[in-house]
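Trainee: Let me give you the structure first, and then I'll get to my questions.
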Amino acid sequence: MNSSSNEKNKDLNRKNFSSKTDSSNNKAVVLLSGGLDSTTCLYQAIADGKEIQALSFDYGQRHKIELSYAKKVTRKLGIPHTIQKLKPELFLGSSLTQKSLHVPKNSLRKEEIPNTYVPGRNILFLSFAVSLAEGTGSDSIYIGVNSMDYSGYPDCRPEFIKMFEMAIQLGTKKGSQGPSIKILTPLQNLSKKEIVLLGNQLKVPFHLTFSCYDPKNGKACGKCDACLLRKKGFQETGVSEK
C-alpha cells in the first residue's frame with residue numbers, strides 16, 4: 001500500500017467504531033450466519049456488554065458450511081447458540097436454495113437484484129428472533145445488514161428495518177406494554193473496508209468466518225458477490241484474514 005492509503009487506514013483505525021450501540025438491558029439476540037458481517041456484529045454485541053443468545057438458520061442453503069463456522073465462534077466464546085431448521089421449500093426462486101439456478105460470478109454491483117436474493121429471508125429470520133427475544137426478556141436484536149458494500153437486497157435497507165421495528169412495537173406484548181425490542185444494525189452504513197477494520201479492532205477471529213455463496217469442497221469459489229466483497233474489504237485494509 002502507498003503512504004496515502006496507510007494514512008487513510010490510520011484515520012479509520014482511530015475512528016471509534018466500537019462505541020456502544022445500545023444502552024438498554026444486557027440481553028440480546030444476535031442473528032449469526034457464520035459470515036464476516038454477522039460475526040463482526042456478534043463481537044460488537046459483546047463490546048456492548050450484552051448477554052447473548054445467538055440464532056442461526058439451516059434453510060437448505062448451498063453455503064451451509066457457514067453454520068459450521070458459526071458453531072466454532074460460539075463455542076470459542078461460550079455463547080448459547082440455536083440453529084433453527086427451516087424447510088427449503090419455503091425459499092424458492094433463489095440460487096442459494098435451488099441448485100438448478102446458477103450463482104452469478106464476477107458481477108458485483110449490477111443494478112438489478114441478483115438471484116442470490118432469498119425471498120422473505122430476513123422477514124422470517126427477524127420474526128424468529130423477535131419471538132426468542134421476547135421469550136428471553138431481551139431488549140434488542142443485532143443483525144449484520146449493510147447497505148453500502150452489498151448485493152442490493154431490499155431486506156437489508158434501513159427503511160425495511162425501521163418498518164419491521166414498527167411491526168414489533170405494534171404486534172408484541174413487550175411493544176404494547178413498555179419499551180419495544182430494538183433492532184440494532186451496527187454495520188448498516190459501513191463500507192466493507194470499515195467492517196474489516198471494525199472487526200480487527202474488536203478482535204474478531206477472521207479465520208473462523210466464511211463468506212461464499214457457492215463453495216466447493218469446503219472452499220470459497222472466489223468469484224461470487226460474497227467472495228468479491230470480502231476480498232475487497234481485506235485488500236483495502238491490508239488486514240490479514242488469518
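Glycine residues also receive a Cβ, built from the backbone N, Cα and C atoms like all the rest.
The annotation region 'Disordered' is assigned in Swiss-Prot to 1-22. Here Swiss-Prot flags Leu32, Ser33, Gly34, Gly35, Leu36, Asp37, Ser38, Thr39, Thr40, Cys41, Leu42 as ATP binding site. Feature annotation from Swiss-Prot assigns Zn(2+) binding site to Cys212, Cys221, Cys224, Cys227.
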Trainee: Measuring Cα to Cα, tell me the gap between Cys212 (Zn(2+) binding site) and Leu32 (ATP binding site) in whole angstrom.
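Mentor: Rounded to the nearest whole number, the Cα-Cα distance is 15 Å.
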Trainee: Where does Cys221 (Zn(2+) binding site) sit by DSSP, helix, strand or coil?
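Mentor: Looking at the DSSP assignment, Cys221 (Zn(2+) binding site) belongs to neither helix nor strand, so coil.
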Trainee: Among the binding-site residues listed here, Leu32, Leu36, Leu42, Cys227, whose Cβ has the fewest other Cβ atoms inside 10 Å?
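Mentor: Output over binding-site residues Leu32, Leu36, Leu42, Cys227: least Cβ neighbours within 10 Å is Cys227.
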Trainee: Quick one: what's DSSP say for Thr40 (ATP binding site), helix, strand or coil?
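Mentor: Once the DSSP labels are grouped into three classes, Thr40 (ATP binding site) ends up as helix.
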Trainee: Looking at the binding-site residues Cys221, Cys224, Cys227, which has the shortest Cα distance to Gly34 (ATP binding site)?
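Mentor: Nearest listed residue in space: Cys227.
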Trainee: Quick one: of Cys212, Cys221, which of the binding-site residues has the smallest count of other CB atoms within 10 A?
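Mentor: Taking Cys212, Cys221 as the binding-site residues, the minimal 10 Å Cβ count falls on Cys221.
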Trainee: Please classify the secondary structure at Cys227 (Zn(2+) binding site) using three-state DSSP.
Mentor: helix
